[in-house]
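Everything on this sheet refers to the single structure shown next.
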Amino acid sequence: MTIALGRVPKEENDLFDTMDDWLRRDRFVFVGWSGLLLFPCAYFALGGWFTGTTFVTSWYTHGLASSYLEGCNFLTAAVSTPANSLAHSLLLLWGPEAQGDFTRWCQLGGLWTFVALHGAFALIGFMLRQFELARSVQLRPYNAISFSGPIAVFVSVFLIYPLGQSGWFFAPSFGVAAIFRFILFFQGFHNWTLNPFHMMGVAGVLGAALLCAIHGATVENTLFEDGDGANTFRAFNPTQAEETYSMVTANRFWSQIFGVAFSNKRWLHFFMLFVPVTGLWMSAIGVVGLALNLRAYDFVSQEIRAAEDPEFETFYTKNILLNEGIRAWMAAQDQPHENLIFPEEVLPRGNAL
């Protein structure tokens with residue numbers, strides 16, 4: 001029996017090889033296979049956002065002005081969510097709602113679903129871009145893995161949360177003031193600040209900022225003076241074999257400050273990766289819980305005692321009253337189509353309100 005070893009010869013003009021060669025060619029801006037997803041989706045998402053904030057009103061969906069054309073500025077303009085009556089419709093331009101009419105599509109809030117979906121796929125494309133480039137230059141894929149944190153937060157807040165509610169209407173609109181309003185909504189209707197997943201998210205993000213500041217300052221403090229350049233950036237050769245700063249000195253310094261310190265660069269930098277990414281993922285999990293209307297911590301005993309004893313009040317009971325006030329005001333303001341009217345006797349009252 002004869003065994004032939006070797007590769008099966010391919011056709012000279014193989015389409016896949018031709019595309020692979022062009023897409024992954026070394027150029028100023030790398031394209032890659034991931035670019036087929038990233039660049040079109042990012043272009044449409046940003047283009048839709050700029051179009052919406054410049055020209056498109058929210059009068060038909062929220063009863064608001066939301067564009068530069070109507071007098072808004074960068075902080076108050078937004079691409080707002082579709083009307084509550086449209087539920088979870090994808091609002092395709094050629095769908096039954098707009099029927100190919102671009103103006104009507106914009107009035108109904110079609111730009112929001114357009115920006116949200118293209119934005120989500122653009123973020124996924126950017127993550128794949130990091131995987132692809134890491135594989136090309138033989139790096140580990142931790143950059144891409146880290147970027148899963150922001151993707152998880154975006155998908156949970158803009159897509160999963162409104163899918164768990166009655167419609168896209170309850171997602172955040174794409175604008176600065178609109179996001180602030182959404183944060184107030186989360187607090188009033190879900191008591192988000194007392195949610196343990198939010199607490200873990202805050203600990204992760206602020207802890208990462210602290211770690212970043214400490215790490216940057218420590219490296220600057222322990223740089224070796226082995227260059228004669230005028231500043232840090234010109235004093236070192238990017239191909240030098242020696243380390244740029246003294247890990248031993250840094251370890252000794254923080255050992256004296258705290259009693260403990262990182263003694264290993266790998267563990268130090270993995271910890272700096274782990275803290276923010278875990279925080280973002282915990283926040284995303286918490287928002288998925290809110291989509292299902294899971295509650296935060298409830299200290300019912302304090303609420304009962306506060307109701308029975310006018311002299312007893314805690315920061316928790318004050319916040320619960322404040323949340324009731326947010327709901328009573330925001331529900332009527334935010335959902336005018338419901339024609340909500342709250343009589344005086346149901347509005348929250350407290351010792352300090």
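Each residue, glycine too, has its Cβ placed from N, Cα and C.
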> Between 19-39, 208-228, 250-270, which stretch does Swiss-Prot give the note transmembrane segment?
Replying inline: 208-228
> Pick from 153-166, 167-180, 321-334: which range has transmembrane segment per Swiss-Prot?
Replying inline: 153-166
> From 91-107, 125-141, which range did Swiss-Prot mark with transmembrane segment?
Replying inline: 125-141
> Around N143 (pheophytin a binding site), how many other CB atoms lie within 10 A of its CB?
Replying inline: 15
>> Please list, in sequence order, the residues in the chain of H198 (chlorophyll a PD2 binding site) that are at least six apart in sequence and whose C-beta is under 8 Å away from its C-beta.
In response: W192, S283, G286, A296
> Cβ pairs under 8 Å with the transmembrane segment (125-141): which stretch of 41-61, 153-166, 208-228, 279-295 has the most?
Replying inline: 41-61
>> According to DSSP, collapsed to three classes, what secondary structure does H269 (Fe cation binding site) have?
In response: helix
>> Just to be sure I understand the packing, how many Cβ atoms besides its own are within 10 Å of the Cβ of H269 (Fe cation binding site)?
In response: 14
>> Are there residues at least six beyond either end of the transmembrane segment (208-228) with Cβ under 8 Å to its Cβ atoms? List them, or say none.
In response: 234-237, 242-247, 249-250, 253-254, 268, 271-272, 275-276, 279
> Where the distance is taken from Cα to Cα, which of the binding-site residues H118, H215, H269 turns out closest to N143 (pheophytin a binding site)?
Replying inline: H269
